[in-house]
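S.K.: Following this message is one structure expressed as structure tokens.
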Amino acid sequence: MVRDYSAFLPGASASQPSDRALTALESLGWRPFFAQQIDAEALTETPPVRVLSVHRSGLQVAGDGIEELIPPGPEATVGDWLLFDRALPRNSRVLDRASLIKRRAPGHDWQVQLIAANIDTLFVVTSCNQDFNPARLERYLALAFDAGIEPVILLTKTDLVPDPAPYVEEARGLSDRVPVVALDARGEAPARELAEWCRPGRTVAFVGSSGVGKSTLTNALAGSLAIATQAIREDDAKGRHTTTHRELHPVPGGCLLLDTPGMRELQLTDAAAGIAELFEDIEELAAGCRFRDCAHETEPGCAVRTALDAGQIDAPRLARWRKLKAEDAFNSASLSERREKDRAFGKMVRGVMKQKSRQKR
Ligand SMILES: Nc1nc2c(ncn2[C@@H]2O[C@H](COP(=O)(O)OP(=O)(O)OP(=O)(O)O)[C@@H](O)[C@H]2O)c(=O)[nH]1
Ligand SMILES: [Zn+2]
């Protein structure tokens with residue numbers, strides 16, 4: 001079949017998607033950022049498909065008239081765009097990502113795991129009660145910034161407090177770049193209040209602690225769509241039937257909702273850029289300290305302490321910045337240490353092999 005992909009070529013997006021009905025690809029999140037990475041010929045030869053979920057048996061993908069299970073091979077995660085190679089599916093190329101969430105693998109293995117790609121909005125969810133914790137919110141915000149995603153803070157359970165205003169105020173104080181929405185997650189409010197971010201073709205996800213209302217919000221957006229039980233049957237590479245769960249859900253008439261187990265318990269990995277963005281003011285001050293490695297404690301000429309003493313920055317916020325920096329340094333150091341160890345091990349193995357081959361001669 002010949003398809004007209006001209007609308008996806010660079011420069012062809014003069015009309016905003018909202019002016020007209022979205023094409024099949026656009027409803028899956030396709031936009032100029034991805035189209036710009038390929039030429040028209042590649043578009044017809046290797047049609048773009050989006051990864052809906054990742055399984056041991058492969059990648060569940062969807063495109064314009066395409067629903068396939070690609071065998072394991074491409075280093076992709078849920079939300080990724082691939083150029084589907086029909087002849088050699090495992091060679092399908094992963095397109096550059098607009099955003100990427102990764103994390104340190106759980107346990108004592110320091111490997112980086114890809115969690116989700118191409119999310120547009122990350123809703124950082126907390127409730128107006130004891131779950132509300134500025135340090136945890138900042139951790140998620142830094143992670144979002146680091147991943148290249150615009151975060152939005154969502155305060156749920158407003159119906160359970162006499163006045164949600166103090167929570168809203170504190171959340172607003174975390175960053176002037178992050179919108180804050182407070183609502184009752186049950187009922188009509190989410191569809192209405194989140195419409196700005198949940199437009200067709202946009203990809204959104206919820207993060208937050210257990211019990212804050214992520215499933216409730218998901219159901220509120222998805223309406224009758226029972227996401228938790230939405231299983232798909234597929235044949236794996238060996239023709240066996242498997243039942244899997246889709247993790248990227250097209251919401252009828254709306255956005256794409258990314259709901260994957262990996263989004264829970266996220267840790268910071270190499271998130272220095274995100275922390276720097278969130279604490280821009282403190283980082284700027286720190287750049288003015290006399291010593292480059294200033295710990296902002298007792299060093300002379302410390303611009304951070306001066307600002308603190310002058311009441312220009314908030315002491316608890318400074319403490320949280322320090323903790324996030326320390327945590328990120330620890331995680332990142334562990335990664336590079338591991339790489340260092342791997343190199344040393346590789347060198348040792350090569351040394352032994354050389355010796356052996358010499359002995360054989
Ligand atoms: N009153 C009220 N209850 C809410 C609100 N949001 C969620 N709940 C309730 O809080 C409980 C937990 O909500 P969930 O949506 O399951 O929370 P979750 O974040 O998905 O939790 P996990 O699945 O454990 O990660 C449920 O009983 C919800 O009905 C809200 O805004 N107001
Ligand atoms: Zn200092």
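The backbone N, Cα and C atoms fix where each Cβ goes, and this holds for glycine too.
Quick paste of what TrEMBL says about this protein:
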DOMAIN    110-266  domain 'CP-type G'
DOMAIN    117-264  domain 'EngC GTPase'
BINDING   Thr156, Lys157, Thr158, Asp159, Gly208, Ser209, Ser210, Gly211, Val212, Gly213, Lys214, Ser215, Thr216  GTP binding site
BINDING   Cys289, Cys294, His296, Cys302  Zn(2+) binding site
S.K.: Do you know which of the binding-site residues Thr156, Ser210, Lys214, Thr216, Cys294 end up with C-beta under 6 Å from ligand 1?
M.R.: Thr156, Ser210, Lys214, Thr216
S.K.: Looking at the binding-site residues Thr156, Thr158, Ser210, Thr216, which sits with the largest number of other Cβ atoms within 10 Å of its Cβ?
M.R.: Thr156
S.K.: Most Cβ neighbours within 10 Å: which of the binding-site residues Val212, Cys294 is it?
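M.R.: Checking each of Val212, Cys294, the winner is Val212.
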S.K.: Around Cys289 (Zn(2+) binding site), how many other CB atoms lie within 10 A of its CB?
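M.R.: Summing over all protein chains shown, Cys289 (Zn(2+) binding site) has 19 other Cβ atoms within 10 Å.
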S.K.: Near ligand 2, which of the binding-site residues Lys214, Thr216, Cys289, Cys302 have CB less than 6 Å from any of its atoms?
M.R.: Cys289, Cys302
S.K.: Considering Cα atoms only, can you say which of Cys289, Cys294, His296, Cys302 is the nearest neighbour of Thr158 (GTP binding site) among these binding-site residues?
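M.R.: In terms of Cα distance, Thr158 (GTP binding site) lies closest to His296.
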S.K.: With DSSP as the reference, give the number of residues of the domain 'EngC GTPase' (117-264) in helix, strand and coil.
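M.R.: With helix first, then strand, then coil, the domain 'EngC GTPase' (117-264) has 45 helix, 39 strand, 64 coil.
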S.K.: In whole Å, how far does the CA atom of Cys294 (Zn(2+) binding site) lie from that of Gly208 (GTP binding site)?
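M.R.: That separation, Cα to Cα, works out to 33 Å.
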S.K.: Could you check which of the binding-site residues (Cys289, His296, Cys302) sits closest to Gly208 (GTP binding site), going Cα to Cα?
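M.R.: Closest recorded candidate to Gly208 (GTP binding site) by Cα: His296.
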S.K.: In Å, rounded, how far does the Cα of Ser210 (GTP binding site) sit from the Cα of Cys302 (Zn(2+) binding site)?
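M.R.: Rounded to the nearest whole number, the Cα-Cα distance is 40 Å.
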S.K.: Where Thr156 (GTP binding site) and His296 (Zn(2+) binding site) are concerned, what is their Cα separation in Å, rounded?
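M.R.: Distance (Cα to Cα, whole Å): 36 Å.
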S.K.: Can you tell me how many other Cβ atoms are located within 10 Å of the Cβ belonging to His296 (Zn(2+) binding site)?
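M.R.: I count 20 other Cβ atoms within 10 Å of it.
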S.K.: Taking only the Cα atoms, work out how far Thr216 (GTP binding site) lies from Cys302 (Zn(2+) binding site), in Å, as a whole number.
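M.R.: Roughly 47 Å, rounded to the nearest whole number.
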S.K.: Rounded to a whole number, how many Å is the Cα of Cys289 (Zn(2+) binding site) away from the Cα of Val212 (GTP binding site)?
M.R.: 40
